[in-house]
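Read the structure below first, then the notes.
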Amino acid sequence: MSKSLLRLTFLLLLLLSCVSPSSFFTFNNPAEGPGACGPHQIQAFTQFKNEFDTRACNHSDPWNGVWCDNSTGAVTMLQLRACLSGTLKPNSSLFQFHHLRSLLLPHNNFTSSSISSKFGMLNNLEVLSLSSSGFLAQVPFSFSNLSMLSALDLSKNELTGSLSFVRNLRKLRVLDVSYNHFSGILNPNSSLFELHHLIYLNLRYNNFTSSSLPYEFGNLNKLEVLDVSSNSFFGQVPPTISNLTQLTELYLPLNDFTGSLPLVQNLTKLSILHLFGNHFSGTIPSSLFTMPFLSSIYLNKNNLSGSIEVPNSSSSSRLEHLYLGKNHLGKILEPIAKLVNLKELDLSFLNTSHPIDLSLFSSLKSLLLLDLSGDWISKASLTLDSYIPSTLEVLRLEHCDISEFPNVFKTLHNLEYIALSNNRISGKFPEWLWSLPRLSSVFITDNLLTGFEGSSEVLVNSSVQILSLDTNSLEGALPHLPLSINYFSAIDNRFGGDIPLSICNRSSLDVLDLSYNNFSGQIPPCLSNLLYLKLRKNNLEGSIPDKYYVDTPLRSFDVGYNRLTGKLPRSLINCSALQFLSVDHNGIKDTFPFYLKALPKLQVLLLSSNEFYGPLSPPNQGPLGFPELRILEIAGNKLTGSLPPDFFVNWKASSHTMNEDLGLYMVYSKVIFGNYHLTYYETIDLRYKGLSMEQENVLTSSATIDLSGNRLEGEIPESLGLLKALIALNLSNNAFTGHIPLSLANLKKIESLDLSSNQLSGTIPNGLGTLSFLAYMNVSHNQLNGEIPQGTQITGQPKSSFEGNAGLCGFPLQESCFGTNAPPAQKPKEEEEAEEDEQELNWKAVAIGYGVGVLLGLAIAQLIASYKPEWLVCLVKSRNPLRSFFGFEY
């Protein structure tokens, strides 16, 4: 836990201790004890509990319960953490507790409730926490009635708007609104700057902006913690920041600040200075290294230059964490050697003009972490004769042009984490590496290694939990994995033979990725208990094991591009956590798996290039299920039938759009040791906009559909226009008839549209010319007629996108439309009516068959997607919350 979080927790507890004399009662028994709650209060509390699902509540949690005033019996404090699931309604019994002084409801699931204005009635509140509880929309202005508040925590919700609700909250000492969507300009006259008693202010991860950090922050001179990380502030940090003489922690990272480093020399109590990821320039003042309590400096990823000077007096410095990577610093190594108390040192990507000798760090006897990635390392200092601190636990030497395995690692018996990716290391992994007693994580991807010294059992007794060996030249049989293995990835190597059955005995294995190798044989049935199984692009045969039992934890399953046959296992329906399913490019012969609609979290379904057959429309001819599905790729099968107009109405997740930075990624995160954890992201290979590309981090706020190369017929469903998150649509090479739906003009995010090789008729809707993101469009080889719309995005398409339609005319085709002076073709009546209605499509209209007889054609990109899931692995050290995002990610 970070110092700032510890401080916040301490402050909340301190404020809670100020509540009047009271008695505490458990969640289930508010009536027990000598000072029991009044009968009306008991009734209100019981009603409040009954408004929610409380099955997740930990009734043994000593902090969950009710405090009642000993003299009046009134509820004065209520804390229910991670207990409640449901909607917090304005008529909730909660608002009957008018004597509440402390209300703590963090980590509940209020299912996207808005914060009720009724909170303003609880005007005796001194402490209020609603963090991590799913609240959305704006904070009601009635919050300004809570004039007694000393602490307010609204962090980690989906709240929007400004901070106008803090007006009149003049007693506030703690304000945390981090991890929301608050926005707007922080003006000098903002109510925020009237909160002169604030000692803790956290605005992290919002979208506040200002041409510079307001000078008025300097008026909050009681502040001890100030955090404005990851907003949209730019310009220079005002000199008034030096007025905050009580400040102990200052967080300004991930903004667009410029100019010199802020003046912090007067902040003699400062212990943490975090300025990562800005555009600060100039030199680093030597005074930073003599500040009496400063223990952590994060200046990485800026534009700092020059050398640094470390006074001799710095040997007594408390500095433990120094991050200077990705700057333009010159002579810094010898001065840094004076900072003998350093525990973490980042000097990555400094572009030094001379090689770095690791022995320069020999004086740093307490060093635990060293990152020299992207630097030029002296070859001699990597030998066994070199000396570097034996205390090292984490060593990163990526992108260092190293060609031999560093023997100096032999002496590092405390080493837990090694990163040597993107070098030129060849030969075999040395046998001694796996004998390092504390080695837990090894990342040696993108090298030239060919195998392992020793027998096939060489890894078995290693302590390694995380092993990533992607993109080497490893060949032969896969060695037996460590007994402690949690994550193993060997993507893009030359391993062959059967997948060893010894993997079945690795009970802690969560993630196995053997994609892009030469494995053959069958998939071992025992792999059904993994969280992530990736076997893409091998030579595996047989059927997929039908061994998935109830509550199987599987989240991602990819066996695409193999030689698998048989049917899709019905037991997959037991995988309630499944998000990503890919069996594309195999020989699976089955009907469409409608039963998978029961999987509540399924977001990606890839079935292309198999032998799926039969109707794609559900047996009842109603809408297709899959409310969370965003990517559906079933191209190149033998699916038949027509699709009803309301086919896509249940795709709720794809009907909403969000800004890219607010999207959710296909991601898995797991603590691996101590304060370290790994994060895995999905990536996919697309043929997109006519080009092959890799999309890293599958953003599930976007949607793509590819139904091409089947035998589908009838009209294109009007309900496609509901899928506002759709960026790519491919319906080519089918037998669709009728007109292109006008509703496609509602797809404002669409980038790629392919309707080629169908039997579509009518004109191309003019509305498609207004789609500003449409970069690729193909409607060739249909029966379209009339003039091609002249919108910018359409006229930029090649002639081949419109060929094969005898009745089409206009640019970019050579055929003119009835002569240069002839009037344009008359619009169909339905298109005129749709334009009058501004082409708005709603759910009700689709459900009753909106636009009966409104048939116009459709168009989408070549999303013949060959999905190549890989893992992007980033190690993050979360000693404070910011390190969760900055620690080792560049």
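A Cβ is built for glycine as well, from the same backbone N, Cα and C atoms used for every other residue.
Positions annotated as signal peptide by Swiss-Prot, on the basis of sequence analysis: 1-21. Per Swiss-Prot, topological domain 'Extracellular' is recorded for 22-844, and the stated evidence type is sequence analysis. Residues annotated as N-linked glycosylation site in Swiss-Prot, with sequence analysis given as evidence: Asn58, Asn70, Asn109, Asn189, Asn207, Asn266, Asn303, Asn312, Asn351, Asn461, Asn574, Asn778 (among others). Among the features that Swiss-Prot reports, repeat 'LRR 2' is placed at 122-143. Feature annotation from Swiss-Prot assigns repeat 'LRR 3' to 146-169; the stated evidence is sequence analysis. Positions annotated as repeat 'LRR 4' by Swiss-Prot: 170-195. Positions annotated as repeat 'LRR 7' by Swiss-Prot, on the basis of sequence analysis: 246-267. Per Swiss-Prot, the feature repeat 'LRR 8' maps to 268-291; the stated evidence is sequence analysis. Marked as repeat 'LRR 12' by Swiss-Prot: 364-389. Per Swiss-Prot, the feature repeat 'LRR 13' maps to 390-411; the stated evidence is sequence analysis. Among the features that Swiss-Prot reports, repeat 'LRR 17' is placed at 486-505, with the record citing a curator's inference. Residues or ranges marked as repeat 'LRR 22' by Swiss-Prot on the basis of sequence analysis: 599-623. Residues or ranges marked as repeat 'LRR 24' in Swiss-Prot: 700-723. Taken from Swiss-Prot, the feature repeat 'LRR 25' applies to 724-747, supported by sequence analysis. Marked as repeat 'LRR 27' by Swiss-Prot: 773-796. What Swiss-Prot records for 845-865 is transmembrane segment, and it gives sequence analysis as the kind of evidence. For 866-890, the entry in Swiss-Prot reads topological domain 'Cytoplasmic'.
Spatially close to Asn303 (N-linked glycosylation site) yet at least six residues away along the chain are His279, Phe280, Ser281, Asn327, His328, judged by Cβ distances under 8 angstroms.
Long-range contacts of the repeat 'LRR 2' (122-143) within the same chain: residues 12, 15-16, 18-19, 95, 97-116, 149-161, 164-166, 169, 176, each at least 6 residues beyond the stretch ends and with a Cβ under 8 Å from a Cβ of the stretch. Shown are the glycosylation sites Asn70, Asn109; of these, the residue with the fewest other Cβ atoms within 10 Å is Asn70.
Asn312 (N-linked glycosylation site) falls within a helical segment according to DSSP.
The glycosylation sites under consideration are Asn189, Asn574. Their Cβ neighbour counts within 10 Å are lowest for Asn189. Of all the glycosylation sites given, namely Asn58, Asn266, Asn312, Asn461, Asn778, the one with the smallest number of surrounding CB atoms inside 10 A is Asn312. The list of residues near the repeat 'LRR 3' (146-169) in space but at least 6 beyond its ends in sequence, with Cβ under 8 angstroms from a Cβ of it, reads 8, 11-12, 15, 101, 106, 112, 115, 119-120, 122-140, 175-184, 190-192, 194-195, 202.
Take the glycosylation sites Asn207, Asn351: by the count of other Cβ atoms within 10 Å of each Cβ, the lowest one is Asn351.
In terms of C-alpha distance, the listed glycosylation sites Asn207, Asn266, Asn312, Asn461, Asn778 place Asn207 closest to Asn109 (N-linked glycosylation site). With a threshold of 8 Å between CB atoms, the same-chain residues lying at least 6 positions outside the repeat 'LRR 8' (268-291) that come near it are 3-4, 224, 229, 245-262, 297-311, 313-314, 317-319, 323-324, 329, 339, 880, 882, 886. Note on the repeat 'LRR 13' (390-411): residues 348-349, 358, 365-377, 379, 381-384, 417-427, 429-430, 432-433, 436, 438, 443, 877, 888 of its chain, located 6 or more positions outside it, place their CB under 8 angstroms from a CB of the stretch.
Separation of the C-alpha atoms of Asn312 (N-linked glycosylation site) and Asn266 (N-linked glycosylation site): 21 Å, rounded to the nearest whole number.
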